[in-house]
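Student: Just dropping this structure here.
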Amino acid sequence: MAAFSEMGVMPEIAQAVEEMDWLLPTDIQAESIPLILGGGDVLMAAETGSGKTGAFSIPVIQIVYETLKDQMEGKKGKATIKTGGAVLNKWQMNPYDRGSAFAIGSDGLCCQSREVKEWHGCRATRGVTKGKYYYEVSCHDQGLCRVGWSTMQASLDLGTDKFGFGFGGTGKKSHNKQFDSYGEEFTMHDTIGCYLDIDKGQIKFSKNGKDLGLAFEFPPHIRNQALFAACVLKNAELKFNFGEEDFKFPPKDGYIGLCKAPDGNVVKSQHTGNAQVVQTQNLPNAPKALIVEPSRELAEQTLNNVKQFKKYIDNPKLRELLIIGGVAARDQLSVLEQGVDIVVGTPGRLDDLVSTGKLNLSQVRFLVLDEADGLLLQGYSDFINRIHSQIPQITSDGKRLQVIVCSATLHSFDVKKLSEKIMHFPTWVDLKGEDSVPETVHHVVVIVNPKTDKLWERLGKNHIRTDEVHAKDNTLPGANTPEMWSEAIKILKGEYTVRAIKEHKMDQAIIFCRTKIDCDNMEQYFIQQGGGPDRKGHQFSCVCLHGDRKPQERKQNLERFKRGDVRFLICTDVAARGIDIHGVPYVINVTLPDEKQNYVHRIGRVGRAERMGLAISLVAKEKEKVWYHVCSSRGKGCYNTRLKEEGGCTIWYNEMQLLGEIEEHLNCTISQVEPDIKVPVDDFDGKVTYGQKRALGGGLYKGHVDILAPTVQELAALEKEAQTSFLHLGYLPNQLFRTF
């Protein structure tokens, strides 16, 4: 409890954590919890089972609770934006004179719009009528923006009418929809100075202190109106300085900061906000935190963690809701109407509720994307961008949206690209590093070569049912076509899977198949062997886990496998991602994954907690034709066996190439074993019993200590000598002075 409390975790959560036997935080928790509690965006990567869920759930629960507590007690917090006339007494950007997607920070100076298709603008709370004035704008990112001056009559789209004058990052000045080249381009980290001489009717700009020359001369009718600092943004962030802080590049020639304008020359904005107060009341269907998971199982797992962590939180109690498909939406809507604080869900149902207005995102403080690489792999990039654009970047109480991204690896280009788009200067917490295979995992490859192993010809019809990719092809022995070899590979892989189970007397394993139909076919083949879901204790007892199974069935199947009621879990990558399954002694890859990172995810499920594990991958020597659905139905009812480039839904799958990429990625050569799948005794580890701890673990460590012992003794002697010399030097000055 003390260990978590030292990180700033509230006692109620620390007590719940202690009851879960979490005496010390894991590495990812120790790094991430303080960062999130401190208000930052965090990108975290660590192995599955390392405590990532706790690393984001604990601080999210605490901050949501503190926010609700403050609201209940009537506190507005240090960062609350003032309303009504109070806003107009300060030089800042006006929250009541801005576009719908334009966010203003608690200081009134930091501004942001994350709308990527439309421009959204804003004006300052006060304008000037006489004199020479200056303000600065700092660019915080690489988005598009225009800054300058406008009257109260001007459009918020600065520079598109005769009442506004703007200077844009593309090096163009704009007035009345006329865009002319001026100065030079500017972008992130640049500071733009905006000069206004009302008496002469002149406007000019500077970049990082460099005067860019006269930009506009405005007509007399403009001089009779108050001019306000203004900007317009598209997916950009700026910070204004009206002179209350020291300017980076102080103006010369008699220009002064706007905040020093004499009262007689200052006019307050007509937009006072008296009828437009930013909504602060709590809506029942507006949660404070949204956690997005790639699968139902992972969402349920995360929700259970949230329930455990909030166990002792009271006054106010936190209300959580699981939003997933396959469950009656009516039940979820009734809970939403009663009020929720934390929502955990999967993209499909979340998208439905958000698009219909049933789930309101206006008060979200936290957006958590768990297993982000999995979400992107499933094609949810547009969904993520869509919901992010609907969440205010700064809430009504002045707090900034925090985005937390968890991924099995941060070395994915897509994850990096996403973080640059939706996160605000995120801190990277990468405790995983480059992919590597744990020492407790033996992984081997079995080459499936139908040209040398003719077993498939002798089986007749007594083989695994295949995926019907070759339903219209001639695959009979003797055809000698790529289609025949492909069908033979599918048959042999079913036989090799059964052979591996018998050879190693597997009592528990995860079997990864590439598609949902492959999973179903493997389950059916195990039933033909006398096993299946209802044969508890049988050598081939199994359950199936993939997206087409009903949620309740998936949940029950997972629990049955965890309890040991069945020996084998047959699943796809997507269904198994992030599921908390420990200590499985065997994994069989019926087909290599097309993403090399997924190979490490799969085999990383064995050999945990110092227990040895064996991962067997069946790799086709020839190319295999497989389903690759690009149709709108995502494979349901699709039998288009033409290749993708011909408008169909199949591809030729080259596992030998994938194997090469995996070996290059891991910087190692994976051992190959014969089709009899007998794994030779390792010269280093000796005879290994998979699922049990390494017999030589302690001995190896002891040997390592013996090797280091002489060096450590030498180091101790040197340390003693250094300390003694230091003590002698301490007395030396006094002795020297005595001699004189």
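The backbone N, Cα and C atoms fix where each Cβ goes, glycine too.
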Student: For the annotation motif 'DEAD box' in Swiss-Prot, which listed range does it cover: 126-129, 150-153, 338-341, 370-373?
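Tutor: Comparing 126-129, 150-153, 338-341, 370-373 with Swiss-Prot, motif 'DEAD box' matches 370-373.
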Student: Give the number of CB atoms, excluding that of ALA46 (ATP binding site) itself, located within 10 Å of its CB.
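Tutor: Cβ-Cβ neighbours of ALA46 (ATP binding site) within 10 Å number 24.
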Student: Name the residue among the binding-site residues GLU47, LYS52 whose Cβ has the smallest number of other Cβ atoms within 10 Å.
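Tutor: Comparing Cβ neighbours within 10 Å for the binding-site residues GLU47, LYS52, GLU47 has the fewest.
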Student: Mean pLDDT for the motif 'DEAD box' (370-373), as a whole number?
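Tutor: Result for the motif 'DEAD box' (370-373): average pLDDT 89.
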Student: When secondary structure is assigned with DSSP, how many helix, strand and coil residues does the motif 'DEAD box' (370-373) contain?
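Tutor: With helix first, then strand, then coil, the motif 'DEAD box' (370-373) has 2 helix, 0 strand, 2 coil.
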Student: State the count of C-beta atoms found within 10 angstroms of the C-beta of SER50 (ATP binding site), not counting that atom itself.
Tutor: 17
Student: Looking only at Cβ atoms, how many others are within 10 Å of the one on THR53 (ATP binding site)?
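Tutor: Other Cβ atoms within 10 Å of THR53 (ATP binding site): 25.
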